[in-house]
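A.B. asks: In case it's useful when we look at the structure, here is the feature table from TrEMBL:
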- 446-484: region 'Disordered' (REGION)
- 489-755: domain 'UvrD-like helicase ATP-binding' (DOMAIN)
- A510, G511, P512, G513, T514, G515, K516, T517: ATP binding site (BINDING)
- 756-998: domain 'UvrD-like helicase C-terminal' (DOMAIN)
Amino acid sequence: MYLSDLHIHSRFSRATSKEGDPEHLELMARKKGLHIIGTGDFTHPAWREELKEKLTPAEDGLYKLKEEYRIQDPAVPDFMEPRFAVTGEISSIYKKNGKVRKVHSLLLLPGLEEAELLSRKLETIGNIHSDGRPILGLDCKDLLEIMLELVPHGIFVPAHIWTPHFAMFGAFSGFDSVEECFGDLKDHIHAVETGLSSDPPMNWRVSDLDGLQLISNSDAHSPAKLGREANLMEIEMSYAGLEKAIQTGDGLAGTIEFFPEEGKYHYDGHRKCHMCLSPAQTKAYGGICPVCGKKITIGVEHRVEALADRPAGYVPENAKPFESLVPLPELIGAATGRSAASAGVQREYEKLIGSLAPEFEILRKVPIEDIRAKAGYFIAEGIQRLREGKVERHPGFDGEYGTIQLFKPYELEDTEGQLNFFENLGLKIAETLEAAGTLEIQKETAGLKQSEENGTRQPEAAKNVSGAEREKAEIQNTQTQRASHPMELQLNEKQKEAVEALDPAVAVIAGPGTGKTGTLVSRIRYLIERRKVKPSEITAVTFTNKAALEIKERLKIQLGQSRSLRQLQAGTFHSICLEFLQSQGRTFTLADQMQTADLAKKVMKAYGMKGSVSQFLNQVSLRKTGQDADRHTFIPEGAFADYEAMLKEKNALDFDDLLLETLGILTEKAEVKADKKAELPAFHYLLIDEFQDINPLQYQLIRQWSRYAREIFVIGDPDQAIYGFRGSDAACFEKLKQDEPRLKTIRLTENYRSSGRIVKTALRLISHNPGEARQLQALGEEGEKIRLVYCGSELSEAIFAAKEINRQVGGIDMLDTETGFAKETERKQKSFSDIGILYRTHAQEKLLEKCLRQEGIPYVVAGREEFLLEPKVRGTVCFFRSLLDEEDLLSRQTALQLLWDLPENQLTAEIYDTMKEKYQPMLKRTRPAKLLDTWCADMNLKENRSMENLSHMAVLSKNMKEFLDSLSLGTEGDLYRCGGKSYTADAVTLMTLHGAKGLEFPFVILCGAEEGTLPLEAKDGTCEEEEERRLFFVGITRAKEELVITWRKEPSRFLEE
């Protein structure tokens, strides 16, 4: 008979003992009498390397410790050689069927080679380096499928299935059946781990577990905790024997159990209120704590009652036997009234296992007379009672371990028969009686709090803008990557007026959260359905490709797919102008900043100009769009002319040229009398989104398009004009009113997005800008307090953000439940995708990313980041563009220069052709991320961080053309980069305030609200205060339910407003 404990952790997991190494684990296995133990944490690269160094193969699929690493201990039998099986635990946090799921899974593998293979795959999905138990945004079903594909003989076991926060049947984030969790793969689940808070009889009551083997393990975070639970196995000593026992039950002889009442979550209750409740009592109290009035934490017993379809006491025919034990040190401590961890108890423990047998033998088999002779009456009596089940149980609840009482205090008053045990311990008898009678269960170490020494404040230390209880509304919208409302929009009075207006010119001023996108879509729908306007006569101009796509998708759902609907034109100014120029027979290369950067460098060098390439190109853009250039970075006339000449030589147009060329053609048509009758039917009904952000050139385009329009409809909010540096003007509505005397103006003032407190705070802020009194009414509840959090440093701010996200999702680790993250059960837990982190500039995101990676939090970064201008990135992008368009000479030349630092000649032509021959056939059949990985290997760029980021962006595209088009035409709100090599929809979003425009999140952290950053100051200390205030206003109004604002140095002047 072999004893196995297969679910343990190494020192590479969070909050584990430093002694969690192979030699100490092997030593403790000998002390306990365990024959097979898991390695734990096979996914961690450093742990795998240590295992390879210190273990040597034994029987098939099992390992043993190398002789040179064995710790010699005279109290421990040296003849026993425990085996190691390769095991690990994966924490999955993901959204399924509208709920956040947090499930832990135990995996057993046939060897370290298989562990390496599976880990390499998992590394492409998430961070496996920071925690031995990695947190992945991966559906358990998908994890099972990956394991079955890569390691067919792997064993997949749902771990501690009843743990409330992190388990398949967990009350807070689990499922109600095996099938709900694993779907059509449920037949590949052959066993479940019952966990410390349940025993086999509790599981027998749930018929959904019929046919599954019940196994038990310790989930030890230190060697001392090994064997809290274990499995009895009559098998051949091999991985195949293990597999057969766990998958079929053949050879699984039973289990050794913790008393389930000792588990931290056995009963219901509130630890802070000292309320331990049975399920029946919880129901009687309506699930509300009678002390504090908050929701009671539901325990395992309650959850079992909810899923059970059999009465208590039911025993299936094929039930395996089990034994309930407590660790020997705990028993010695209970018998002597001392702490289990005390030096005296440890000495007695070492003496007993050295003179009698390993711990499990003592607890289960050694004759009581032999124990009494060595240990005295009370210890022997305690073991006798334990074997007979004569114990008093005090259930654990709400994270508090339960206790098992073997003796009443009065029983220990008579110490006769205890031999000289107390003298052996060097203790006086009187000193032992004070704490006697209760069996102490030591708690695992909880997650560490951030120290004030590094400037980090705890969440509870945050200041509040105002008071009131938390709103308890259900979060219905969990897709926070776009601001969406029900497709069958229930229009309010003003929205309906805007949608049905027949005026030739309509301007809708739509404050944040007032249903701007829904109103715009409903307007188009009204034109098509009620007024029978052909979709081919409608053009909707948006500021992001994502917004255009959303309009099309909403209409497709509401109106159904039809060929005519596809003729509706929806896109950005640039995409519409590009299509128009191509329809006019113009052929050219579209040059974005990645291509024009080198042209700018050449001009700047020739003229001895200082400053950055971005500043130069921005000044070129200001000049082309008819705006005043910045006096600090003004470019000479000759420099501008030379730049334009270079573009012309390459037959290239930059993005401003797209608009200028289109405007030129339209103006020419308007001036030719014969062409005045020639219509552009696509612009008969012209709709402009985010009107407040247009620049003078775009306004001129709108005026030209409106020559062909029967109706023009613009929508936006002057208080959200945040692109002044590109020439946008909050007064554009007034200008339109001057140009369109018949303009009808409608205001949307009912906010459906944010809580009352958020709306009131935003209004107070924006009212400091000039203009008439703002009107915005929150239709939701008053909501949660806005929190202002001071952080002592940039690192402290990033750590706070990561810990706060952890708290909002209810903890991402079981240890987090001990620090209080998951204890506020009256709070609706967020999913990762419910959370947005906003900041003023991309420079603020680096530490945030680092801390999120460290915590294992999945995330995506939005926006056009600086790494896209790195030479190797630009060269790579230009190379693949040249493969897609052989006429794109500018991209070819740029690639040759940046990748090989060579001018175009015969030699470089050969190099280029060689790479072209390899990669051109791969463009259509290979996904861009994989293509870039191959490219980086060939070009020796695998260690290039910027190229790694580019690859993480490519994950989101289906093919290289789509990816390159997104880089060219994508705006700040269109571009996203994954935090790793794979994409998960349930991820935190990091973005600048500019990129957040048009989005909404139930929970927002707005970082860096301090002087110099928000408002952002120029080098001379000046700032565009009104625009910066509008930007802050945009950030605040992205939050639906909760808002946290942080700062590090001097708080922003806006916080005082």
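Each residue's number is its place along the chain shown, starting with 1.
Every residue gets a Cβ built from N, Cα and C, even glycine.
Quick caveat, the model's predicted, so the values are computed rather than measured.
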A.B. asks: Around the ATP site formed by A510, G511, P512, G513, T514, G515, K516, T517, list the extra residues of the same chain whose Cβ is within 8 Å of the site's Cβ centroid.
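C.D. replies: For the ATP site, the extra neighbours are T519, D717, L748, N751, Y752, R753.
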A.B. asks: Within a 10 Å radius of its Cβ, which of these binding-site residues (T514, T517) has the fewest neighbouring Cβ atoms?
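C.D. replies: Looking at the binding-site residues T514, T517, the Cβ with the fewest others within 10 Å is that of T517.
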A.B. asks: Tell me, how many other CB atoms lie within 10 A of the CB of K516 (ATP binding site), whichever protein chain they belong to?
C.D. replies: 25
A.B. asks: Should T517 (ATP binding site) be counted as helix, strand, or coil on the basis of DSSP?
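C.D. replies: Assignment for T517 (ATP binding site) reads helix.
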A.B. asks: Using a Cβ-Cβ cut-off under 8 angstroms and a sequence gap of six or more, which residues of the chain neighbour G511 (ATP binding site)?
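C.D. replies: Those within reach of G511 (ATP binding site), by Cβ under 8 Å and sequence separation of 6 or more, are D717, D719, R747, L748, T749, N751, R774, Q775, L776.
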A.B. asks: Using all protein chains in view, find how many other C-beta atoms are within 10 Å of the C-beta of G513 (ATP binding site).
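C.D. replies: A 10 Å sphere around the Cβ of G513 (ATP binding site) contains 26 other Cβ atoms.
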A.B. asks: What count of other C-beta atoms do you get within 10 angstroms of the C-beta of P512 (ATP binding site), across all chains shown?
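C.D. replies: Excluding its own Cβ, P512 (ATP binding site) sees 25 Cβ atoms within 10 Å.
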A.B. asks: If you count Cβ atoms within 10 Å of the Cβ of A510 (ATP binding site), leaving out that atom itself, what do you get?
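C.D. replies: For A510 (ATP binding site), the count of other Cβ atoms within 10 Å is 27.
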A.B. asks: Taking the Cβ of G515 (ATP binding site) as centre, how many other Cβ atoms lie within 10 Å?
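C.D. replies: If we count other Cβ atoms within 10 Å of G515 (ATP binding site), we arrive at 25.
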